[in-house]
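Structure first, then comments.
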Amino acid sequence: MGRFHEILTSPSLPLVVCTFLRTTNIVGIIKTIGIYLEDINISIGTTSTDIGIALGLLFAFSHFPGPIIAALYRHHSTRRLLLISGTCLPPLGVALTSMATSNAQITIYLSIAGLGNCIVMICCTMTLHHVAKENFNLIYSLGMTGYGAGMVLLPLLAEFLRQAYGWRGGLLIISALMAHIIPVAMAIKFHSDDSSKQRKGFRRVPSSLPGVNEGEECKSSTCQNTKGDNSDDIGVVRTIANSLRQSDFYVDPVLNVIFGLGFALCMVWSGWHSFLVPHALQRGISVRNTIIITFSAAIGNSLSRLAAGVLTNGLVKPVTLYLFATILNIAALLCDVYFVNYYVMLSTSCISAMSIGVRSVLHQLVLRDRASPEKFDVAYAVDQMFIGFGVFLGGYLCGMIADHFSSYDATFKLLACLDVVVLLLIVVVRCRPKANPV
């Protein structure tokens, strides 16, 4: 009983629930748009390229504003307002999408939903980083299982609502259900930390050269005035240069490879999630069987995210598991393309969902292990910017390829090629482990 009370009163609980609902909502939007794609096409005249751009911008705004949100998060007084406003934007964006009359409006409204998702993601992840500490891997992966729930629950609900209310009514009702995340966000407690007391991500670096006393450089407060503006400019440049030299990006170049890894992985993530449902429907698979495919994928996605937290909690290194999952997904994508069969697609979708899901968690764990603890927020924000580029480019390219070849098989071949790039990058990270601090 005491243990149960401890769990309920833990500051991590509302963070886990909020992360679960956020991930459920964002992937649910994607799958719901896939279910409603034919109806939206009839109503507005939307093509695969249009949906690819709209979903790409949804993904991009879910990550690209990361550095700005992280900077705002550093000011402790703005955190609660930032989080609550972020939880309001996705339901608002989906509700407005249900009233859209053009492709441009759909793109703008889904971008609003993406921005809200980014705000909630940054706030929850950074707060969990300080609250969970050594249990971060397990707790973070538990919250991320919402992707699996969203992959199956919202498509089922979307299909049921479409029959009764059409695609517009279905999206409007789903937006109301998404708003349940708002009271959960209000229950989150924020704790002060060192980063909230800083205005910048780098500690103060003296501008004087080694071995030179600061007093010898300038013995009075009027010294700077006598040197003129050129001296001030040199001091600013020197401070920026020293800050960059002390940053993880300069000290550990492999960290930049991890950013490229996130970029390539999220191109795969975006393309696969955006076009799995249209890919199945184009092959003549019924809506009912397509939902079964998403259900199979959802099970694999949820189990893999849980497994990521358990296995990396001392059993296996995240980078090793990442490497294995990448190889598995390349094989699954190729089988999906060259073996056109419902049961094969049922199996490969589950395997791909497992691989993509586990790597989505592992990528953040690899980044957290590689970055300095006190500078994790800076590395995380920069990584989200690269991810934003990746998800937008992935959605756009996959939609364009599908339109050009009039087949989603071409899209899935592209995804396999992109995963080969992911494989090469993770091999580099695996072969260059982080140096132990002296």
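Note that Cβ sites are derived from N, Cα and C of the backbone, with glycine treated the same way.
Quick caveat, the model's predicted, so the values are computed rather than measured.
These come from TrEMBL:
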DOMAIN    11-434  domain 'Major facilitator superfamily (MFS) profile'
REGION    198-226  region 'Disordered'
TRANSMEM  51-73  transmembrane segment
TRANSMEM  106-126  transmembrane segment
TRANSMEM  138-158  transmembrane segment
TRANSMEM  170-190  transmembrane segment
TRANSMEM  254-272  transmembrane segment
TRANSMEM  292-312  transmembrane segment
TRANSMEM  319-340  transmembrane segment
TRANSMEM  378-402  transmembrane segment
TRANSMEM  408-429  transmembrane segment
State the residues, same chain only, that lie 6 or more residues beyond the ends of the transmembrane segment (254-272) and have a CB under 8 A from a CB inside it; answer 'none' if no residue qualifies. 55-56, 59, 63, 248, 329, 352, 356, 359-360, 363, 366-367, 370-371, 379, 382-383, 386-387, 389-395, 397-398, 411-412, 414-415, 418-419, 421-422, 425-426, 428-429, 432, 434
With a cut-off of 8 Å between Cβ atoms, can you find at least three pairs linking the transmembrane segment (319-340) to the transmembrane segment (138-158)? Only pairs 6 or more residues apart in sequence count. no
Remote residues contacting the transmembrane segment (378-402) - C-beta distance under 8 A, at least 6 residues beyond either end: 47-53, 55-57, 59-67, 69-71, 118, 121-122, 125-126, 201, 247-249, 255, 258-260, 262-271, 274-275, 278, 364, 367-368, 370-372, 408, 410-411, 414-415, 418
